Amino acid sequence: MGLKDFVDKLKNIKKSRIKIEEGAWIKCDKCKNILYIEDLLKNLKICPHCGYTFRMNAKERVDSLLDKVYSYDLFPKIKPVDIIGFKDTKRYKDRLKEAQEKTGLNDAIIIAHGNIYDREVVLASMDFNFMGGSMGSVVGAKFVRGVEFAIEKSIPFISVAASGGARMQESIVSLMQMAKTAIAIDRLNKAGILYISVLTDPTMGGVSASFAFLGDIIIAEPESLIGFAGPRVIEQTIRQQLPEGFQRAEFLLEKGQIDMVVDRKNLKKTIYTLIRHTHG
């Protein structure tokens with residue numbers, strides 16, 4: 001082997017190591033420690049040093065809560081359509097394609113069916129990685145069908161919100177989903193079916209103003225940003241500085257807007273206990 005070939009080989013080895021290292025480690029946003037991703041996943045994406053909770057995708061959330069999964073998505077054939085031919089800096093069609101390739105999902109929600117320990121449930125899990133978890137026609141349609149499935153089987157319905165709000169690319173159609181999901185929850189209530197709403201970071205806009213705050217029991221993960229408009233928008237509007245921790249889960253608990261703040265490690269057990277005590 002010549003000197004040039006040897007040097008090229010060393011460069012290739014170095015490049016492959018860099019790729020492996022870049023994909024294997026992540027920095028904690030809070031304490032800035034470097035974490036091994038495999039260990040982080042085993043710890044429910046909670047930093048072992050400071051307890052900071054990284055955002056989970058929809059499937060990770062299902063895996064963290066359900067012991068047995070009958071279906072990760074009961075309605076996989078429902079797909080988004082560019083109803084109004086929306087275009088900003090990109091066409092909506094292109095944004096959808098990019099999000100689908102990035103996440104492997106059709107849209108920002110999956111409706112899972114499975115067991116938490118020995119209790120059968122329906123779990124609506126949102127994915128912030130899909131266009132900011134924005135709610136459009138598909139999110140609304142799948143959510144409603146999930147509720148109908150829970151009513152049909154007389155089993156608890158759980159939603160895990162992670163969203164920036166309504167999807168602007170669908171205009172008024174996205175806003176319609178607020179009423180649509182709220183009406184579905186009303187049917188769930190009339191059927192006497194338990195609805196537990198879990199709010200994660202972030203739960204904002206049209207999602208917070210609809211199904212996310214309609215739970216019989218509302219749980220939030222620690223330090224989650226929860227509200228309608230963001231804090232910067234509010235400060236600019238009222239021209240006042242907001243209180244420390246405003247719109248964080250602990251602040252909302254103190255003001256009586258949610259029922260409890262539960263650490264991710266205790267979330268499954270807490271939900272199970274609530275189901276046992278309220279759903280027979």
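For all residues, glycine too, the Cβ spot is worked out from N, Cα and C.
Swiss-Prot lists zinc finger at one of the ranges 28-50, 143-165, 189-211, namely 28-50. In the predicted model, the domain 'CoA carboxyltransferase N-terminal' (24-280) shows an average pLDDT of 97.
Cβ atoms within 8 Å of the centroid of the Cβ atoms of CYS28, CYS31, CYS47, CYS50 (the Zn(2+) site) belong to the same-chain residues ASP29, LYS30, LYS32, ASN33, LEU35, PRO48, HIS49, GLY51, TYR52, site residues excluded.
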